[in-house]
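Features of the protein shown, as given by Swiss-Prot:
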ACT_SITE  SER147  active site, proton donor
ACT_SITE  SER148  active site, proton donor
ACT_SITE  TYR162  active site, proton acceptor
ACT_SITE  LYS166  active site, lowers pKa of active site Tyr
BINDING   ILE25, ASN45, ASP71, ASN98, TYR162, LYS166, VAL195, THR197  NADP(+) binding site
Amino acid sequence: MASSEETPRSLAGKVALVTGAGRGIGKGIALELAKRGASLVVNYNSAEKPAQEVVDEISKTGSRAVAIKADITKVPEVSRLFQEALRHFGHLDIVVSNSGTEVFKPEEEVTEEDYDRVFNLNTRAQFFIAQHAYVHLRDGGRIVLMSSVAANMSGIPNHALYAGSKAAVEGFTRSFAVDAGHRKITVNAIAPGGVKTDMYDANAWHYVPNGKPGMPMEEIDKGLAAFCPLGRVAVPQDIGRVVAFLAHPDSEWVNGQVILLTGGSVT
């Protein structure tokens with residue numbers, strides 16, 4: 001990953017809410033927004049300690065943060081999350097819907113419980129996060145939803161459930177952008193490829209030609225980096241930097257878009 005100069009505090013005075021911000025991509029997004037001066041609502045579902053560690057790390061950047069527990073698959077919990085965020089900071093400017101789960105399973109083995117678990121978090125929750133964001137954001141705010149490169153990939157076996165759950169989010173994004181435009185709120189989605197997180201550690205072998213369970217991580221990284229012109233796989237900071245741009249006033253003319261974040265990888 002390229003080094004950078006000290007980051008200007010270009011989001012000073014803004015308040016951002018990031019779901020699933022206690023680890024992985026969500027943590028990377030929260031830290032990049034905080035480096036630029038935004039105050040952060042760090043949402044988590046069950047892992048309080050990692051979320052509080054993110055809050056502590058944000059505090060070291062000079063920005064403010066609070067961790068708020070909420071199960072975003074439950075709409076009353078989504079409502080409470082936004083109300084607590086507003087009570088703490090007074091307003092909201094940026095909402096990033098990051099939480100998600102991935103599953104690989106043969107189509108004939110997918111159960112109703114599998115379907116509900118994946119779509120409740122990856123799809124339904126994102127709809128209601130965006131809905132509440134629209135209601136509570138200040139005019140000129142930013143909504144960023146989470147799709148995946150998988151939504152438009154072909155040739156990945158046993159991935160229909162996950163791919164479908166993310167493809168729906170891309171439809172949400174284009175429609176929400178139209179609905180929110182009169183308030184100058186932009187709505188975009190990002191679609192990352194493989195990013196070095198715990199989800200990557202568990203599932204990335206599926207994307208490697210001839211990949212197998214238990215494959216050494218070094219081989220997985222090498223196999224996926226071979227598809228990327230930049231010669232590496234992504235880390236959460238890469239995704240966070242793009243979200244930080246989408247959160248900035250300079251990004252206003254980027255609206256209703258799904259931004260592929262693969263480093264130019266061809267798979």
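Cβ from N, Cα, C; glycine included.
One residue stands out among the recorded positions ASN45, SER147, THR197 for having the most other Cβ atoms within 10 Å of its Cβ: SER147. Remark: SER148 (active site, proton donor) has GLY100, TYR162, ALA163, LYS166, ALA191, PRO192 as non-local neighbours, by Cβ distance under 8 Å and separation of at least 6 in sequence. Sequence-distant contacts of ASN98 (NADP(+) binding site), defined as residues of its own chain at least six apart whose C-beta falls under 8 angstroms from its C-beta, comprise VAL18, THR19, GLY20, ALA21, ILE25, GLY26, ILE29, MET146. In sequence order, ASN45, GLU77 make up the list of same-chain residues 6 or more apart from ASP71 (NADP(+) binding site) whose Cβ falls under 8 Å from its Cβ. If you measure from the Cα atom of THR197 (NADP(+) binding site) to that of SER147 (active site, proton donor), you get 16 Å. Reduced to three states, the DSSP call for ASN98 (NADP(+) binding site) is coil. Among ILE25, ASN45, ASP71, ASN98, TYR162, LYS166, VAL195, THR197, the residues given in the record as binding NADP(+), the maximal Cα to Cα distance rounds to 24 Å. Across the structure, VAL195 (NADP(+) binding site) and SER147 (active site, proton donor) place their CA atoms 13 angstrom apart. The DSSP secondary structure for SER147 (active site, proton donor) is coil. Across the recorded positions listed here (ILE25, TYR162, LYS166, VAL195), the residue whose Cβ sits among the most other Cβ atoms within 10 Å is ILE25.
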